[in-house]
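Visitor: Summarising the annotation, Swiss-Prot assigns transmembrane segment to 7-27, 29-49, 59-79. Residues annotated as domain 'PLD phosphodiesterase 1' in Swiss-Prot: 237-264. As annotated by Swiss-Prot, active site applies to His242, Lys244, Asp249, His420, Lys422, Asp427. The feature domain 'PLD phosphodiesterase 2' is assigned by Swiss-Prot to 415-442.
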Amino acid sequence: MRNTSRVAILVVIVGALLALTNGFWEGKLLGLFSVLMSCSVIFIALVISLENRKPAQTIAWLAVLGSFPIVGFLFYLLFGRNYWQQRRYKKKADFDEAVLLKFQEPSPIAVERLPMAPHQRPLLRLAYRIGQHPVSLASQTAVLTNGEETFSSIFAELEKAEHHIHLEYYIVRHDEIGQQLKRVLMEKARQGVRVRFLYDAVGSWKLSNAYIEELRAAGVEMIPFSPVRLPFLSNQINFRNHRKIIVIDGGVGFVGGLNIGDEYLGKNKYFGFWRDTHLLIRGEAVRTLQLIFLQDWYYMTGERLLTPDYLSPPLIVEEGQGGVQLIAGGPDQKWEVIKQLYFAMITSAKRSIWVASPYFVPDEDILTALKVAALSGIDVRLLAPKRPDKKIVFYASRSYFPELLEAGVKIYEYEKGFLHSKVIVVDGELASIGTANMDMRSFHLNFEVNAFLYYTDSIHKLVRDFLEDFRHASMIDYEQFQQRPFRVRIAESVSRLLSPLL
């Protein structure tokens, strides 16, 4: 980084001299601006190159800066400055490590009791080593399909809370379902239940101050995650908390794809029916979900809640058929945890890989793994939305379809409504449900959390849900897909060029 600073100083000095000379001889403000902008672009290009980013990211940034200097310069100020990311999150990482050493089991001994094939066990070792959370055999899970089932279950469990409620969400809206949640939380707070609520400051930027203040007045602790006050001077806008977590009394937890908003109940006229998946967890694994929340709470408030009140011995339930493991991923971690576990799941497959992702923007590793699996004769299926909510991501996703189709991947476009489910099922034996999409933002930038399931009954429910979803989807034909208009191909190509930045 010192070399980068020296280069930066040199570029600025040279740029200033050129700018002054240009301004003196031509006397044109435009010339001064042009030279300064050129120097700024050169400086950013040097910084990006010296950071040793992934080649695709480096090339994408250089292409944007070269083609659209002013737009690229502003875009970089907003989204590209990752060089001090590790320093920002060092305090959180140190605290997280201390918490894990103190409160997690030293080794996943119980895993040996799982009825897993030898080729699947490396996945468990990887998950424990880079995810640092153990597999629980004393937990029960229930798949919640879509909004009505999810919110019914959430409100039923919230009503039972006696000691504490912890919530962490990316999007919270003050619409009908948001108001219902507010009323329940206010009532529980008045009953003496401690309610803590982390909401992402960017994802929930439309949330009204009145909504927040009403909750605070009732005793709910409302904390925004990484508020952004000066967007162009801080790239905090780029690292968002995409997690959806609820923990009730330390024994019941929820995680999955649904935020708090009426659209998740199918009340948005554009999207209509909203297809999503959430997971209810009871028992030992909830302790991991609690730890993830407490680590994020400490990061934003400095408050340590590592007491028996919140981390008492977990609620013991009857040992289930399989294992449950909660894994957190984020820019504060050394490893690309979610991506590496997705990769390991894909490469462990012997029969089938079924993926549902609303935003499919894979990096080269995941893309290659899917193609190799399909070429090897494995039943690889991708379920994606037919109706976009983010057009640039939609077009970027479709740019990957031709090579996947050529490799033998079956691609289904969901037609009943909008697909927002983030699920992977491998061989009908392993699965992941959570907040992470199969895209670069979830892999590298966002704070995410997924539940990895091993030989649980819930996996059978996920398989049934997939089969039902395929009934409401159309399978893309390669020859027909190649007939799409030239303007669409251009949109896909440009979007794909930007995909490392998305």
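For all residues, glycine too, the Cβ spot is worked out from N, Cα and C.
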Visitor: In which DSSP state, out of helix, strand and coil, do we find Lys244 (active site)?
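Guide: Looking at the DSSP assignment, Lys244 (active site) belongs to neither helix nor strand, so coil.
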Visitor: Compute the C-alpha separation of Lys422 (active site) from Lys244 (active site), stating it in Å without decimals.
Guide: 12
Visitor: Give me the non-local Cβ neighbours of His242 (active site): same chain, 6+ apart in sequence, Cβ-Cβ under 8 Å, ordered along the sequence.
Guide: Tyr170, Asp200, Gly203, Thr435, Ala436, Ser442, Asn446, Phe447, Glu448
Visitor: So if I measure Cβ to Cβ from Asp249 (active site) and keep only same-chain residues at least 6 apart in sequence, which ones fall under 8 Å?
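Guide: Listed in sequence order: Lys160, Ala161, Glu162, His163, His164, Ile165.
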Visitor: Please list the DSSP helix, strand and coil residue counts for the domain 'PLD phosphodiesterase 1' (237-264).
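Guide: Split by secondary structure, the domain 'PLD phosphodiesterase 1' (237-264) comes out as 5 helix, 11 strand, 12 coil.
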Visitor: Average pLDDT across the domain 'PLD phosphodiesterase 2' (415-442)?
Guide: 97
Visitor: How does the domain 'PLD phosphodiesterase 2' (415-442) divide up by DSSP, counting helix, then strand, then coil residues?
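Guide: The domain 'PLD phosphodiesterase 2' (415-442) comes out at 3 helix, 12 strand, 13 coil.
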Visitor: Long-range same-chain neighbours of Lys244 (active site), Cβ under 8 Å, sequence gap at least 6?
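Guide: Set apart from Lys244 (active site) by at least 6 residues yet with Cβ under 8 Å, we have Glu168, Tyr169, Tyr170, Phe254, Val255, Gly256, Gly257, Leu258, Asn259, His278, Thr435, Val449.
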Visitor: Whole-number answer please: how many Å between the C-alpha atoms of Asp427 (active site) and His420 (active site)?
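Guide: One finds 22 Å between the Cα atoms of these residues.
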Visitor: If I restrict to non-local contacts, at least six residues apart, and a C-beta distance under 8 angstroms, what lies near His420 (active site) in its own chain?
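Guide: Correct list: Gly257, Leu258, Tyr264, Trp274, Arg275, Asp276, Pro358, Pro385.
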